[in-house]
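Record features (TrEMBL):
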DOMAIN    6-89  domain 'GST N-terminal'
DOMAIN    94-213  domain 'GST C-terminal'
Amino acid sequence: MSSVAAKPILYSYFRSSCSWRVRIALALKGIAYDVVPVNLLKDGGQQFSAEFKAANPMQQVPVLKIDGITLSQSLAIIHYLEDTHPNPRLLPQDPKKRAQVRMIADHIAAGIQPIQNLSILNKIGEKKMEWAQNCITSGFQALEQILQDTAGRYCVGDEVSMADLCLVPQVANAERYKVDMGPYPTITRINKALLELEAFKVSHPSRQPDTPAELRA
């Protein structure tokens, strides 16, 4: 048996905010991987294919095949990467800060993103834009308040954490659905600082193998 471990494979969609979280984590931790694009719009949604359902019965991206296991759910994937590649750290050692990071990550990953996700918007119909704006606005009003207590340069203090990996893709969603970012100066400031970091640039939706030509950076 080869001693060289197989390169991780990330099933990703360029515009998926959950996939973007994982791409940032892989970039920060310097883990090389291959991408298998899963187009959520093409062919009625490639996530519904029998082949992809075998990889993730929930039929959602991202999925990461790594170290002989197949993982779905972006935060579970990031926790695994944190456990197996502890540098740089994405969860602070201080228990209070660590809890704050998880709280913010969950606030976005469980409280905002799922209710404005593509699958939900497809069921809403004509009022898609209004629905997405309402979901993101109510979530951001709370998040802005939380960040005023926890933020330094980034979401929690001055080190990049799992919370930041959730924040940037969610701000991109807000911009896509034309949410007025004026009321959220802390979110806006942190997002701007993060987008200057290389890991956030290389993982950006405008720079993926499956990014359409007209959306490329």
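From the backbone N, Cα and C atoms, a Cβ is placed for every residue, glycine too.
Bear in mind that TrEMBL entries carry predicted annotations, made automatically and left uncurated.
When pLDDT values are averaged over the domain 'GST N-terminal' (6-89), the model yields 95. In the domain 'GST C-terminal' (94-213), helix, strand and coil residues by DSSP number 88 helix, 2 strand, 30 coil. In the domain 'GST N-terminal' (6-89), helix, strand and coil residues by DSSP number 35 helix, 16 strand, 33 coil.
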